[in-house]
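Below you'll find the structure, written out as structure tokens, and then a few comments.
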Amino acid sequence: MDRVFIEELTVFAQIGVYDWEQQIKQKLVFDLEMAWDCKQAAETDDVVYCLNYAEVSQAIIDYVESKPFLLIERVAYEVADLLESRYQLQGLKIKLSKPKAVAQARNVGVLIVRGCLK
């Protein structure tokens, strides 16, 4: 299966379990792989047959910025549900990072894998 990817999509979200975290916007970084059959787009050179990564990116940004979250796990699962339902993906991999969440670590996060990308 072909894959469409988006790397380092940055979103600023109201996220965290501490009271002070809910008062600020924090950086979240998405890396995505989406199973998508690119054959028809390649054969026709017609954008109507491709997975529009600009549209996918905006859908993620709009959703994550629309409400507060406590956990990145919830963000990752809800974004996965959104993308699967909106774009009928065969598989999906989301790496969601919350940089600087742990002072001694460069990065922390979750990796969600669904469908044929397992």
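Backbone N, Cα and C define each Cβ position, glycine as well.
According to Swiss-Prot, the active site, proton donor/acceptor annotation covers LYS98. Classification of LYS98 (active site, proton donor/acceptor) by DSSP places it in coil, neither helical nor stranded.
Per Swiss-Prot, the feature substrate binding site maps to GLU21, TYR53, ILE72, GLU73. Annotation for GLU73 (substrate binding site): spatial neighbours VAL110, criterion Cβ-Cβ under 8 Å with sequence separation of six or more.
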Please give me the CB contact count at 10 A for ILE72 (substrate binding site), counting all chains in the structure. 20
Here are some recorded positions: GLU21, TYR53, LYS98. Which one has the most Cβ atoms within 10 Å of its Cβ? LYS98
